[in-house]
């Protein structure tokens with residue numbers, strides 16, 4: 001065979017050509033070493049994953065709820081935005097921890113560890129939340145398209161059916177190419193950066209009546225909690241900020257990080273994160289998350305309310321405040337450019353939110369149902385379900401009806417939040433799920449992750465790893481009823497919630513649930529929340 005290859009001039013010619021191309025490519029790489037150096041730095045340190053997740057906290061639903069809140073209470077619900085972002089930081093930190101330690105997203109953890117009937121309930125709740133999120137994105141994007149390009153709301157809604165399908169050309173959840181995933185994250189993050197720039201410009205153009213009145217908005221006004229409308233807006237802000245889609249997305253995104261860490265270290269894709277991967281990624285990911293959410297998401301959400309409160313509070317337009325109303329007021333009172341920048345910020349948020357909802361839809365479907373159906377089909381079905389009522393309302397009622405639907409979608413998200421966040425708090429609080437086994441004899445060695453039966457002090461649930469050659473540790477330790485201390489050189493490391501985090505996360509869950517119950521009971525009175 002070798003003699004045939006040597007004597008075949010075509011094969012020899014091809015091999016020489018291949019070597020020449022390889023040499024030329026290497027020369028180009030060497031000549032651009034600074035570009036490669038800085039690109040590698042961007043790929044490693046740019047917080048694209050966190051910026052990607054932060055999009056869920058600044059979608060068109062946030063615009064609508066903040067505008068409605070500002071039209072009624074001016075700056076007084078800035079306190080609500082800060083509270084909602086604090087809730088979001090805690091919930092997202094738990095999501096990050098669950099994904100890093102278990103190597104599975106929330107949907108996969110539910111599928112693996114919860115009863116079938118509970119998975120059905122959680123799947124339905126998650127899908128409804130995706131539809132509600134989609135409704136907000138469809139309405140917001142339709143408003144932006146109408147403002148910028150004078151496209152009717154009905155046709156704008158139809159256009160949004162197809163925009164997210166473009167994401168699937170660049171993103172695949174099963175992709176192992178971290179450069180491809182990172183490039184996609186950076187691309188979407190550019191929309192976030194563009195939105196921040198838009199609001200910096202808008203804040204520079206508005207007139208705040210009084211600094212004291214503005215800062216007073218960050219202080220709680222407990223007397224207003226007796227006002228049903230205030231409670232409704234407060235809950236809407238929480239629903240628009242602490243979103244189910246962000247929980248699923250965070251748990252999924254961080255799994256790529258730990259998988260990539262172990263792959264670069266061992267050259268193999270491992271099913272379970274190693275202790276070194278968890279140690280290297282968890283703290284940095286949580287810190288990155290806290291910084292981005294407080295300094296990016298909080299800034300944008302507060303900016304929306306401040307801009308709206310300065311422009312339309314105590315004006316005739318405040319009664320039927322909407323995204324289009326605020327645009328018209330900004331064009332009239334500030335400048336046409338300010339209004340256009342505001343519309344662009346909505347469009348950026350609408351498109352970027354559609355991108356992440358596309359990802360979440362696939363995460364939920366594959367995680368809960370383990371269905372291997374085509375992602376574009378799943379996404380198309382979800383988006384059509386969301387678009388249909390919006391098109392009907394746009395045709396029959398128009399702008400005011402769409403604004404009411406947009407606000408209602410955020411309340412629905414808040415109502416579903418306790419149901420979706422409950423398993424997250426449960427998993428991260430249990431030692432049997434948040435346990436990693438570390439090889440003390442080799443700090444850089446491989447590690448297995450499993451449930452620890454505290455009664456027998458043994459490791460269970462890892463039988464499927466016994467024949468997995470990718471995990472070197474399974475050649476050393478036997479999974480049996482033998483006490484863990486007798487296993488050669490291994491110790492357990494727990495990452496379950498401490499008492500403080502458990503109390504705080506539990507309190508957040510009860511506060512949101514209590515506000516939801518209060519809002520529902522109040523809405524049953526004679527006054528309607530209405531459209």
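Quick reminder: no glycine exception, Cβ is built from N, Cα and C everywhere.
Range with TrEMBL annotation transmembrane segment, chosen from 183-203, 204-224, is 183-203.
The stretch that TrEMBL tags with transmembrane segment, taken from the ranges 17-36, 77-96, is 77-96. Segment annotation: TrEMBL labels transmembrane segment over residues 499-521 (candidates 476-498, 499-521).
Among the residue ranges 98-116, 117-135, the one that TrEMBL annotates as transmembrane segment is 117-135. Residue ranges 260-283, 404-427 are listed, and TrEMBL annotates 404-427 among them as transmembrane segment. The stretch from 77-96, 183-203, 289-313, 333-359 with the most CB pairs below 8 A to the transmembrane segment (499-521) is 77-96.
Beyond the transmembrane segment (117-135), the same-chain residues lying 6 or more positions past its ends with a Cβ under 8 Å from any Cβ of the stretch are 56, 59, 61, 107, 110-111, 243-245, 248, 353, 357, 360-361, 364, 368-369, 382-383, 385-387, 389-390, 405-406, 409-410, 412-413, 416, 419-420, 423. Taking pairs at least six residues apart, the transmembrane segment (77-96) and the transmembrane segment (333-359) share fewer than three Cβ pairs below 8 Å and do not count as touching. Outside the transmembrane segment (289-313), and at least 6 residues removed from its termini, the chain residues within Cβ reach (under 8 Å) are 47, 50-51, 53-54, 57-58, 62-63, 66-67, 69-71, 74-75, 77-78, 81-82, 84-85, 88-89, 92-93, 96, 192, 195-196, 199, 202-203, 206-209, 214, 217, 237, 241, 250, 321, 325-326, 329-330, 333-334, 342.
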